[in-house]
């Protein structure tokens, strides 16, 4: 508890900067509209909240229905808080309308939450007959944003009060003095009735906030665990989470790829939008894992190459007749492509480029014979990355942009390796690039942010990062 209060105290100093932000981790900016929608959805009782609110089997169930928190045997039902009122006056709660949610972010503290609802009641009137009443109620609460013992963002109810509004009489006769009696009873019981509702709603939202931090699988490569790097920040428009991605191997060991020294420059967030920023580090880490696992290496054989791609000694000799003119003709070629170093990703000027340094060993062989080495090349392949977001990850599709080669060693005469660049580009584009795209199907994982769907987000490549923006 002491640690939690210490965090709350520090929070008063933590408010986000409105200028161009520089960061090296994953960044999530949650617009206040999204937080408001999460609270509203918890009241409606969406299927995702069934474990918290109970089974949702009909329109009138859920949080407000007969089987929910407030209806039936709940707070509004038989035996609930209003049982006391019923014993005193025969007053019974008949209906509670879906509250209207009003939300205000409090920089350096948390949230001011208001729920405006209408309570429908009936009772036996003092003059006989049935009285039907309705009272407007505003529930106002101050909610602190803190960090739980698990290291997740958490909303904590600090203060709650109710304000009784207009009371309407729909049927029956009620003397004016009894209006005051009803008002006094409601004033006493409503805080005990509706403030626990706020606490329950916050519990639902806290589960969604807690999902921001968790383990995301990278398939055979390992996983990424997201954790808070710093205290969350609060402005009057959004909550900002600075998230540290921790990469782990399949065995669970932490893989510490060097982070870029150049921070990402993220533009200011527009109103009524939420953002996730994917840092350069995650791109370099993904390609680094692929390289260390050998997923970027390939043996290119004639069986893998389309018929329109030349891959024989005859084709090669035509390109370099002075160096390779004496080779036996019509023999098939083998290309052993090995990426010896981690690729380098560049995110700059609305483009995503990947540089792959590779050694290409070219051999020829007679069917059923032993392959014979011709030469080795040191190459740098520059591929362009097309990025597409989905709900859970950022998909990457590669296409070759350019290729440069130098001769590392030759078992024939010396030659200028640049004369093979066009031919190799044809081979790599036809065979190697599709293989890379299969390996990259794992994508770049996105943290879960209040169940916000980023599949239709606007994607922007900025300096050393990719920013996904979705309208609230």
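Just so it is clear, glycine is given a Cβ too, placed from its N, Cα and C backbone atoms.
According to Swiss-Prot, the feature signal peptide maps to 1-16, an assignment based on sequence analysis.
Residue 138 (N-linked glycosylation site) has a Cβ environment of 17 other Cβ atoms inside 10 Å. According to Swiss-Prot, the N-linked glycosylation site annotation covers 138 (among others), on the basis of sequence analysis.
With a cut-off of 8 Å between CB atoms and residues at least 6 apart in sequence, the same chain places 139, 141, 157, 160, 162 near residue 195 (disulfide bond), listed in sequence order. What Swiss-Prot records for 160-195 is disulfide bond.
In the three-state DSSP classification, residue 284 (N-linked glycosylation site) falls within a helix. There are 21 other Cβ atoms within 10 Å of the Cβ belonging to residue 284 (N-linked glycosylation site). As annotated by Swiss-Prot, N-linked glycosylation site applies to 284 (among others), with the evidence given as sequence analysis.
Taking a C-beta cut-off of under 8 angstroms and a sequence separation of 6 or more, residue 453 (N-linked glycosylation site) has the following same-chain neighbours: 391, 470. Feature annotation from Swiss-Prot assigns N-linked glycosylation site to 453 (among others); the stated evidence is sequence analysis.
Note: the CA-CA distance between residue 138 (N-linked glycosylation site) and residue 284 (N-linked glycosylation site) rounds to 51 Å.
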